[in-house]
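Everything below concerns the one structure shown next.
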Amino acid sequence: MASTSSIALSQALLTRAVISQNGSDRCVSVPAFSGLRSASPRATSSSRRQRIASASSHSLRPLVRASVAKTAETTTDSSLVDKSVNTIRFLAIDAVEKAKSGHPGLPMGCAPMSHVLFDEVMRFNPKNPYWFNRDRFVLSAGHGCMLHYALLHLAGYDSVREEDLKGFRQWGSKTPGHPENFETPGIEVTTGPLGQGIANAVGLALAEKHLAARFNKHDNEIVDHYTYSILGDGCQMEGISNEVCSLAGHWGLGKLIAFYDDNHISIDGDTEIAFTEDVDKRFEALGWHVIWVKNGNNGYDEIRAAIKEAKAVTDKPTLIKVTTTIGYGSPNKANSYSVHGAALGEKEVEATRTNLGWPYGPFQVPEDVKSHWSRHTPEGAALESDWNAKFAAYEKKYPEEAAELKSIISGELPSGWEKALPTYTPESPGDATRNLSQQCLNALAKVVPGFLGGSADLASSNMTLLKAMGNFQKDTPEERNLRFGVREHGMGAICNGIALHSPGFIPYCATFFVFTDYMRAAMRIAALSEAGVIYVMTHDSIGLGEDGPTHQPIEHIASFRAMPNILMFRPADGNETAGAYKIAVTKRKRPSVLALSRQKLPQLPGTSIESVEKGGYTISDNSTGNKPDVILIGTGSELEIAAQAGEELRKEGKTVRVVSFVCWELFDEQSDAYKESVLPSDVSARVSIEAGSTFGWGKIVGGKGKSIGIDSFGASAPAEKLYKEFGLTVEAVVAAAKSLI
């Protein structure tokens, strides 16, 4: 019997339950569909066929599976499999048709492989989509999301009921136009931008391998699950997929199995016009095991054999190339771009029903199909119950390890963890905030079990190395320093996968702030999908000096302030850096960016860890009655300039308030009364200074205030010279303030 604590643990994230509804239906036998293009690659190009034929005789050719094999103890009757596969197809067809919007082609082509995967292979509990030891599935080709919704519906997930299918792509529905993890329980990650999903899958698989290495014992493998993904030609073309698949091969992620939907069609037509590389050989070179299923349309045994073989390869990830027909079953649109991103149309829907011998009405699930899939509810409950009992035994024998694992699974931080963060006084030595950040990172790694991360080949410059930890590598996956190489985009998306694996994972990743341009798409998805990644972005301004404008961020701070659901921190010293980390660690559904200096900064009087929570706060003030003559506002390295300018003005008898605006987003969330206490509405004399674009500062300083910043690219020179030439000086702040008083 599982302990109460272990049951509570496995269900900690089950936040909602809805009652599923099933419609009436009829059943008939369905003939196999034929008459479309053969499974041979690039049927439209004889030269392409010749290249493939030549490649097939190469010594490194992918393995082709045509033999019969079973991945499950029992094999479902083939006629029922056909009917189940067609059910998936028509649920997708009907939903897209009703919405008059969507992508039916991929679900129609990928239904066979996804049926085998979900119905016969994957382990999950439909009534608890957040059960920890479930297998994860990522539809990287997220435009085909009706495939995933149909599978969740058949498997018994309460989040995708019949009315949800009918509400596909509509306001308030749980079936949005691309998969959204925050919207639909059962969806692991948010996909849509091609390549992001397979990158997230690499992160999920990394998380599993790391946890297994840290916590599994010889007598209790408490962590044991697979990550599966379906990606298409579009994902393969995006550069991010190569970045992350290179890392997956390097790390030997043996429990990552990716299905490549090899249908040769993209929006513009046959992929022959732009994509003719040998994907198989590329993945072999990346360190993957590669299998080719030639008949993805109804070669169920080939698919089963490929999965069985993939699971037997434990030292490297597997790519199963499944050659399919996009829009399989549509007599006039299959194997064409017209079925990729538009509804079939009423006439073609009926023609497809006739062609596949499908007599059921829209959204009907045949009773025998419904009955067959219904077993996943009791089987899933049994899987979770067995795991709960396993964890109870683990917890009794290995209490310390169980406590750490429980923290990662539940997201509950250890009591008093924040006390590990360093504190500073004005007498503490000045330092670059990137160095102060490293002190925080290393302090957190000692007390937060799920804290791990790394840099895009800049660890010694970003100062992100965890000194007490080794490197996560193929043979040392228990370690917590992640070496991403020069792969910013892939790094960001992998960290999204890690963060979304379990609530207690707190991944960080690092590069120069300007190179967020390479990873912005992943950062936006993190904000959208509520993945609490911490971005350690050093070299935050022209203060980096001689590397010049290619490396000097200007518009970057403003751009992240404009992005929803992300916190943009620019700390000025040690206390503000520690305060930013304190908040970032607790914000598990909101990513945080820390822009950190290369140059040394003093520890300023008036700053504190606690005050950072307010986003903006007063660090010095000689006024009374909340009526200073002028308010000086700064962030990061320029807060020191504002403070010095305040002292100069006070010498001349002025009352001056100096405000740190370390995080705009947090300040915006404070009460009106608090905001008035910092920026009184009747004080219009306000001056801001920040070594970046002045865009957006108008809402802070008001129509009568002044903003000092940089609205051009930087230059190559020592930092001191650059600050003088661009007017980021005490004198400039004093002059601006006097002009307003």
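Cβ coordinates come from backbone N, Cα and C, glycine included.
The stretch that TrEMBL tags with region 'Disordered', taken from the ranges 37-58, 169-190, is 37-58. Around the Cβ of Asp233 (Mg(2+) binding site), the same chain contributes Asp261, Asp262, Asn263, His264, Ile265, Ser266, Thr271, Phe275, each under 8 angstroms and 6 or more positions distant in sequence. Averaged across the domain 'Transketolase-like pyrimidine-binding' (431-603), the predicted model reaches a pLDDT of 98. Each of Gly232, Asp261, Asp262, His264, Ser266, Thr271, Ile326, His340 belongs to the same chain as Asp233, Asn263, Ile265, is absent from that list, and has a C-beta within 8 angstroms of the C-beta centroid marking the Mg(2+) site.
Residues near Asp547 (substrate binding site) in space but far in sequence (CB under 8 A, at least 6 apart, same chain), listed by position: His539, Ser716. Put simply, Phe515 (thiamine diphosphate binding site) is 8 Å from His551 (substrate binding site) when counted between their Cα atoms. For His103 (site 'Important for catalytic activity'), the nearest neighbour among the recorded positions Leu194, Gly234, His340, Glu488, Phe515, judged by Cα separation, is His340. Maximum intra-site Cα distance, thiamine diphosphate binding residues His143, Gly192, Pro193, Leu194, Gly234, Asn263, His340, Phe515: 35 Å. Every protein chain considered, the tally of other Cβ atoms within 10 Å of the Cβ of His103 (site 'Important for catalytic activity') stands at 26. Every protein chain shown contributes to the tally, and the Cβ of Glu488 (active site, proton donor) ends up with 27 other Cβ atoms within 10 Å.
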